[in-house]
Amino acid sequence: MGQVSWKGLFLSLFDYKTEKYVIAKNKKVGILYRVVQLSILAYLVGWVFVVKKGYQDTDTSLQSSVITKLKGVAFTNTSELGERLWDVADYVIPPQGENVFFVMTNLIVTPNQRQTTCPESVNIPDALCYEDEDCPAGQAVVAGNGVKTGRCLKDRDSIRGSCEILAWCPVEKRSKPKKPLLGSAENFTVFIKNSIRFPKFKFSKMNVLATNNESYLKTCRYSTEHPYCPIFLLGNIVRWAGNDFQEMALEGGVIGIQIEWNCDLDKAPSECNPHYSFSRLDNKFAEKSVSSGYNFRFAKYYRDAEGIEYRTLFKAYGIRFDVMVNGKAGKFNIIPTVINIGSGLALMGAGAFFCDLVLLYLIKKSNFYRGKKYEEVNPPASLKSTVAVLIDVNHPVQESPEQDVCE
Amino acid sequence: MGQVSWKGLFLSLFDYKTEKYVIAKNKKVGILYRVVQLSILAYLVGWVFVVKKGYQDTDTSLQSSVITKLKGVAFTNTSELGERLWDVADYVIPPQGENVFFVMTNLIVTPNQRQTTCPESVNIPDALCYEDEDCPAGQAVVAGNGVKTGRCLKDRDSIRGSCEILAWCPVEKRSKPKKPLLGSAENFTVFIKNSIRFPKFKFSKMNVLATNNESYLKTCRYSTEHPYCPIFLLGNIVRWAGNDFQEMALEGGVIGIQIEWNCDLDKAPSECNPHYSFSRLDNKFAEKSVSSGYNFRFAKYYRDAEGIEYRTLFKAYGIRFDVMVNGKAGKFNIIPTVINIGSGLALMGAGAFFCDLVLLYLIKKSNFYRGKKYEEVNPPASLKSTVAVLIDVNHPVQESPEQDVCE
Amino acid sequence: MGQVSWKGLFLSLFDYKTEKYVIAKNKKVGILYRVVQLSILAYLVGWVFVVKKGYQDTDTSLQSSVITKLKGVAFTNTSELGERLWDVADYVIPPQGENVFFVMTNLIVTPNQRQTTCPESVNIPDALCYEDEDCPAGQAVVAGNGVKTGRCLKDRDSIRGSCEILAWCPVEKRSKPKKPLLGSAENFTVFIKNSIRFPKFKFSKMNVLATNNESYLKTCRYSTEHPYCPIFLLGNIVRWAGNDFQEMALEGGVIGIQIEWNCDLDKAPSECNPHYSFSRLDNKFAEKSVSSGYNFRFAKYYRDAEGIEYRTLFKAYGIRFDVMVNGKAGKFNIIPTVINIGSGLALMGAGAFFCDLVLLYLIKKSNFYRGKKYEEVNPPASLKSTVAVLIDVNHPVQESPEQDVCE
């Protein structure tokens, strides 16, 4: 018999076991279930497959390289600087043409600063003094420009003065032009060269179209009519981000240039194109607060004939542009397809569970269906008494309507 | 009959089919199953919904803009540089106030370097020489400062010397101050302005609170008592990252300032606040190795009266601060809610599978339950013998062959 | 009776309900189902667990810090600059040693530019003129270097000239050396120091191995034989990215250095090592177009004895290196393990669904199995007729204990 049972065991391995179903001829629940099934199917096909492209393997780890190049000159005529022409090497900081670049649009120049002593700016509360004792020597001025020397410098007749400091003198005066100095930066252009690569699919592309001839690339400007021209007018970028260039040029700010690559690699490579969008990244509503605008200080250092160092301090206001690239590529792959179909079907089980609840507990004849769905069996006292058990099951007294209530 | 069967087919579409269950009156397995069900429910409610907020659609593609601004001056008095005051334009590199900034805390200055010939530093093994033949003309010194001219320069009486090189002369001497030159950088402050935007939910916020008055913003310092003040003392940042400022100022290092935005947009916008944390990014334990600290060389270029270029070389040691922003926003959405409930229910199936294994194979009366759960059917020899089969299953009159076709 | 039914209700809570299965003794479908089960199991074990390490909790939010340091000198001898030695402070821009650095390999120098008037470059179409009217005063030259003064400057005898402009004069001449000036940059080395941290697992590591002695770190060069040496020869990096250094040095370009940390933290920390890869990020195939190469302009500013500013303009060609770090760490965790097993089992349900379709609709005896699988019940006219239904289900002769043994 051992041999027989082993063979039987082996053969029974290839018996197909399938759940036994009870057909409940209840149209309400039936229709409900079909509606649930159709909803899941619609979700699976419509959302998972069509909208989310669930049949694709995706790559979001984009490798991107951005090169930016500005073009444009501006002419200014001020009392401090005289007639002066500004070109790219003057107004772009840093000059390297990376994905973050700053265009100077306004500035406060403090020329010929030297390491010596001079009075601190009168606007700084900590430097306010009435006598020399208010200016302890060696103490740094809080939020100021230097270290106090111990003297209080006063104008004739006035009782209030400001401490003398050791600093880069003269100190910067706190007023900026009412009109942006380089307001004509509005007409500057920036050429943004963006190469991307999706390593998983070994797919590379550039935002500069290969089909374009060189003269087109030299004259085109990005707009809705020319969505693939990589040359942008600064004034347009700021306008598309919802701001006024002249206003922004005065105080400075940060503009984000998003480049979005959303590529369906099941289609032709020429269908994979960048989409540009522009937004202001710093909070423009905080206009009156200390946190408005964007500016920084830098200096150019010189040496005079005696080798003494002096510098010109610049407080530069301007617009920082952050080019941010992100993207996603998808390509058909069998594994996510199978997983999505599988989990969609698994969701059907949840739908069935919900309909079961309705059938078994909510409708009028739920007691009847409960009795049909659940077949109660009692274990035999021991294997010897199986016969008695069989009899037990044949008259399932426990399935009386009273007990159904207890379920 | 064709018409009848089509109608039957259509009606049977709305019959609800539900799995037939066997109720095994076995308390052990029953309790086990309830425990499994409760565990899955607890996981679903507790972990997926409460902790992971599985009912929310999330946006992790944060748009962020960081503007940093340092304040503070330091006074130094060294033999090389004399009395000198350092301000922001001197010690912050690069000056633009981006999310990565470097504060110089120590430096080796080599002033008045000119393009000429001089002896190479004696510490460089490749420049060691006994005679002129050891210094082949035109060869670059490995890990050195220039190109050999072909001469070996020796001190009187000594037999060993170093090659003469064409370089920026004199070469840098390899020793740095034992005490950080700008140790007082500990008291400098940095104002970090961070604007974020979650594009999916069109939600923007700034770390500078709108409700704060300007004088608060000018005087506050970030601490556990002022968690929303955006001004940080450099010394505190380094201390919170677990380091000693003076020690770090000597050798340099990299500090990360993480800003975490974890926003539940189902709550009020005022509940969405930044959380700051600080850590040292370079390995501080590698103190004795070549890989310790952070320094770089840069030069300031000048021209003398004759137009000849000369420069001052700086080897700058200091602390680089990397401001890293990341965040996540969540908002209620029906789709992830449904998916999470569905997959939680699908997990119940796995629980049932596990309990089935126990019931059918591990407990004493498993044989009995196996017999009850699995109903064996043998296919008829041919379709003609269906009648015999029908008798087998207790006269289910509704399952006549005609109706099977309609299914 | 109320008490009894409450007790019954409570006890019935711990009855275990298990689906009733029909064993279809059909070997074809049985084998099909086993094949499907084995496929899912193989997918679960092989793909989800072994390849994708589905039993691990993963952390992809890597904190990374990159410090780069170049070494090397180059000697050039040109008519414009004379004999000149280039060291790190001269050719690395920016000098800070961040994750993006630029090595200058070729340049066009325009020394001694001053703010004055001079003729615009003849290559610029907008500056072409026949008479003074072609040069309206105050107009900026499109894609040019300055603002027109209103005069047309012509050579003797020629009828065509170019507009006089106010600009940094003389303007740059548009020709670059045919051979890269700093071609010897091929032999420069870069030391890349990369510290990473996986915050979720509190795991830190560095690409500079702690076990290495200092002299090894000073002499080693990264190669397939020395995969953990952090010092790279620039020439090798470019070659591994599939490019020729001299060719690239002429026009410039962008090279990506990817550092990949793929750490299985269930293993020893020493098994978590960086993997380097190199690729060219800008499109090298666009060689003839305006979009080829990488260059930018910057200037060094000087003042003469009278304090008049002049500058030297550099158009720098070179190679930008972008060090990009990404990584993933995994560690055993019970939650993803359970979820992956659970969803794998749920997938089995989808397999069963597919086999059911075959059994019930595609094979010869599908009618018979359909009748067996689906047990049709008709709701009673009223609850009173339950007795009749109960008789319907009696006499299940096929469920004899003998057959259970064969399972």
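Easy rule for this one: first residue shown is 1, then count along the chain.
Quick reminder: no glycine exception, Cβ is built from N, Cα and C everywhere.
The transmembrane segment annotation in TrEMBL covers C:31-50 (among others).
Around C:ASN295 (ATP binding site), the same-chain residues at least 6 positions away in sequence with a Cβ under 8 Å from its Cβ are C:GLU251, C:GLY252, C:LYS315, C:ALA316, C:TYR317, C:GLY318. Annotation source TrEMBL lists ATP binding site at C:LYS69, C:LEU70, C:LYS71, C:THR189, C:ASN295, C:PHE296, C:ARG297, C:LYS315.
Mapped onto three states, the DSSP output places C:CYS118 (disulfide bond) in strand. According to TrEMBL, the disulfide bond annotation covers C:CYS118-C:CYS169 (among others).
Summarising the annotation, TrEMBL assigns disulfide bond to C:CYS129-C:CYS152 (among others). Classification of C:CYS129 (disulfide bond) by DSSP places it within a strand. Counting only same-chain residues six or more apart in sequence, the Cβ atoms lying under 8 angstroms from the Cβ of C:CYS129 (disulfide bond) belong to C:CYS135, C:CYS152, C:ARG160, C:GLY161, C:SER162, C:CYS163.
Taken from TrEMBL, the feature disulfide bond applies to C:CYS135-C:CYS163 (among others). In the three-state DSSP classification, C:CYS135 (disulfide bond) falls within coil.
DSSP assigns C:ASN187 (N-linked glycosylation site) to a helix. For C:ASN187, the entry in TrEMBL reads N-linked glycosylation site.
As annotated by TrEMBL, disulfide bond applies to C:CYS220-C:CYS229 (among others). Taking Cβ-Cβ distances under 8 Å and a sequence gap of 6 or more within the same chain, the neighbours of C:CYS229 (disulfide bond) are C:TYR216, C:LEU217, C:CYS220, C:ARG221, C:TYR222, C:SER223.
In the three-state DSSP reading, C:CYS272 (disulfide bond) counts as coil. A simple way to gauge crowding: the CB of C:CYS272 (disulfide bond) has 18 other CB atoms within 10 angstroms, across all the protein chains here. What TrEMBL records for C:CYS263-C:CYS272 (among others) is disulfide bond.
The transmembrane segment feature in TrEMBL is assigned to C:341-363 (among others).
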Filtered C:LYS69, C:LYS71, C:CYS220, C:CYS229 - recorded positions with C-beta under 8 A from chain B: C:LYS69, C:LYS71
Closest of C:LYS69, C:CYS272, C:PHE296 to C:CYS118 (disulfide bond), Cα positions, recorded positions only: C:PHE296
Cα-nearest neighbour of C:ARG297 (ATP binding site) within the listed recorded positions, C:CYS169, C:ASN187, C:CYS263, C:CYS272: C:CYS169
Remote residues contacting the transmembrane segment (C:341-363) - C-beta distance under 8 A, at least 6 residues beyond either end: 24, 26, 28-29, 32-33, 36-37, 39-41, 43-44, 48, 369-370, 373
Surrounding residues of the transmembrane segment (C:31-50) on its own chain - C-beta under 8 Å, 6+ positions past either end: 340-341, 344, 347-348, 351-352, 354-355, 358
Cβ-Cβ neighbours of C:ARG297 (ATP binding site) (radius 10 Å): 21
Site with most surrounding Cβ atoms, counting all protein chains shown within 10 Å, from the binding-site residues C:LYS69, C:LYS71, C:LYS315: C:LYS69
Cα separation, C:LYS71 (ATP binding site) to C:ASN187 (N-linked glycosylation site) (Å, whole number): 9
Per DSSP, three-state class assigned to C:CYS220 (disulfide bond): coil
Against chain A, in sequence order - recorded positions C:CYS129, C:CYS163, C:ASN187, C:THR189, C:CYS229, C:LYS315 with Cβ under 8 Å: none
Rounded Cα-Cα span from C:CYS169 (disulfide bond) to C:LYS71 (ATP binding site), Å: 35
